[in-house]
Amino acid sequence: MSRHVFLTGPPGVGKTTLIQKAIEVLQSSGLPVDGFYTQEVRQEGKRIGFDVVTLSGAQGPLSRVGSQPLPGKPECRVGQYVVNLDSFEQLALPVLRNAGSSCGPKHRVCIIDEIGKMELFSQPFIQAVRQMLSTPGIIVVGTIPVPKGKPLALVEEIRKRRDVKVFNVTRDNRNSLLPDIVAVVQSSRT
């Protein structure tokens, strides 16, 4: 039986929007929900990067176009974007660790949007995700990229897990998937 839910699909198809709708429904049903999502940062109509936003409202840069890496830090780049690993880890890791450690008798949902190339530069993040997927009582709802080019080890590991249900989000189905996503999470509580 599936315990965790992951959405996949091309960029811009609506994965994060679906995650945000699922958060609202799950919170209103009384389930504790924590985690983070990524959002585009635009300037004068152009995408200049991505921010990490925690569900408690903290926000910081994940990546920016053409920015310089911090002195003494290795450059982590995905295409035109330079990843700010320090900022990402300062925001995402405490949220994941908190969600995992505050697991009592009740189930908790941990939102991880997304597990992609930028985020996977962080070894502590990879370890935290694996920990979350293995912790009883934690239900992970996340996003993973469509397979393209060189496989991402953690993403492939997630796809192959028997306790993971992967929904492929398309423009045709994105407005009808929410009840299915919520149903998998709700059935994980029993």
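Please read every residue number as a count from 1 along the shown chain.
Quick reminder: no glycine exception, Cβ is built from N, Cα and C everywhere.
The Cβ of Ile111 (ATP binding site) has Ile19, Ile23, Val33, Asp34, Gly35, Phe36, Tyr37, Leu55, Val141, Gly142 as same-chain neighbours under 8 Å, each 6 or more residues away in sequence. According to Swiss-Prot, the ATP binding site annotation covers 9-16, 109-116.
Counting only same-chain residues six or more apart in sequence, the Cβ atoms lying under 8 angstroms from the Cβ of Lys165 (N6-acetyllysine) belong to Ser2, His4, Val5, Phe6, Val184. Classification of Lys165 (N6-acetyllysine) by DSSP places it within a strand. Among the features that Swiss-Prot reports, N6-acetyllysine is placed at Lys165.
The secondary structure of Val109 (ATP binding site), as reduced to three states from DSSP, is extended strand.
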